[in-house]
Amino acid sequence: MAAAPRTLSGAEVRARCAQGACLVRCRRRLYDLSAFVRLHPGGEQLLRRRAGTDVSAALDGPPHRHSANARRWLEQYYVGELEPADEQVAAPAGHRDLVDWRKPLLWQVGHLGEKYDEWVHQPVDRPIRLFHSDFVEALSKTAWYVVFLVWTPVVLYLSWVSYTALAQGNTRLFSSFTTEYSIPVHKYYFPFIFLLGMFLWSLIEYLIHRFVFHMKPPASNYYLITLHFLLHGQHHKSPFDSSRLVFPPVPAALVIGFFYGLLRILLPEMLGLSVFVGGLCGYVIYDMMHYYLHYGSPRKGTYLYGLKAYHVKHHFEHQKAGFGISTRFWDYPFRTLIPEETFEKEE
């Protein structure tokens, strides 16, 4: 038999809020959001101002009606009921999760079959373990600053190599087809080639996110479900697992090496390297920005504030749209822009 929910008086709630806790209520149900305030897409202060109050109207809007996923997320912070104690208000019946969170998830999710897609898009606030092996598990996680420390020196070094090689004047475009009409690539072109690489990365970022990370694996294919969860499903299931928000250097090196080899085939060596290093810089910016969109607190009205709200909508409301992370640019031509919904439109 489930234990009765704890009841707190209004005085107890006010006392805990005065001590720095952020308790809110939805009618009589109480939630302690102290651990979540920094992550709130609307900013910490918005929640702090509502501490001790009933947020039922705010959840329903206007200006923003919270999604079913947002309401499920809220339930993770349930702590009890507000008095009067003589009213019988039961906590929601507990439900058995589809996976055993005490064990590595990677080998379990493939058995979910047709239930996988719905399950993976119902986010939770808890860390994920993928592998039995501690060593392999460690390789699958990384702190945000590791990406910056590993790849920034590579970007700087390869930028210097590219620029000095172009300065020698030996790089020509189309030289493999014709020497008479080949185009020399001067060192002064390097900044523009670098920016081209960054621009191409933004497209690659969008395409991978939309068509690889958001593929819907067949319900009957254990291995494709497992692969999807490894690549991106884990992030949608636990979007605030800080150790899984950026791409670990070891698997990242394999993907980066693939794109380097592809550019070596398609372009003259130094030209390809110049495009590559721009793309690598774009990747580093993307990973840093992605982490910030989850854990940062940008000031309201800024570009990053809007981008954070946009990305949170992708996680909680519009998983089939909003695939741009560092920029919304490609969502426009591909028609996957998340609409600027208002309460009136939803009505």
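Note that Cβ sites are derived from N, Cα and C of the backbone, with glycine treated the same way.
Unlike curated records, TrEMBL annotations are generated automatically.
Some features that TrEMBL has for this protein:
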DOMAIN    5-83  domain 'Cytochrome b5 heme-binding'
BINDING   HIS40, HIS66  heme binding site
TRANSMEM  143-168  transmembrane segment
TRANSMEM  188-208  transmembrane segment
BINDING   HIS209, HIS214, HIS232, HIS235, HIS236, HIS290, HIS294, HIS311, HIS314, HIS315  Zn(2+) binding site
TRANSMEM  245-267  transmembrane segment
TRANSMEM  273-293  transmembrane segment
*Excluding the flanking five residues on each side, which residues at least 6 beyond the ends of the transmembrane segment (188-208) place their CB within less than 8 Å of a CB in that stretch?*
159, 162-163, 166, 259, 271, 274-283, 285-286, 323-327, 329-331, 334
*Once the chains shown are all counted, how many other Cβ atoms turn up within 10 Å of the Cβ of HIS294 (Zn(2+) binding site)?*
20
*Secondary structure at HIS40 (heme binding site) (DSSP, helix/strand/coil)?*
coil
*Return the single residue from the binding-site residues list (HIS236, HIS314) that has the minimum number of other CB atoms within 10 Å.*
HIS236
*Measuring CA to CA, name the entry from the binding-site residues HIS209, HIS232, HIS236, HIS294, HIS314 that ends up nearest HIS40 (heme binding site).*
HIS294
*Name, in the order they occur in the sequence, the residues of the same chain whose CB lies under 8 A from the CB of HIS209 (Zn(2+) binding site) and which sit 6 or more residues away.*
HIS232, PHE323, GLY324, ILE325
*Near the Cβ of HIS66 (heme binding site), how many other Cβ atoms are there if near means within 10 Å?*
16
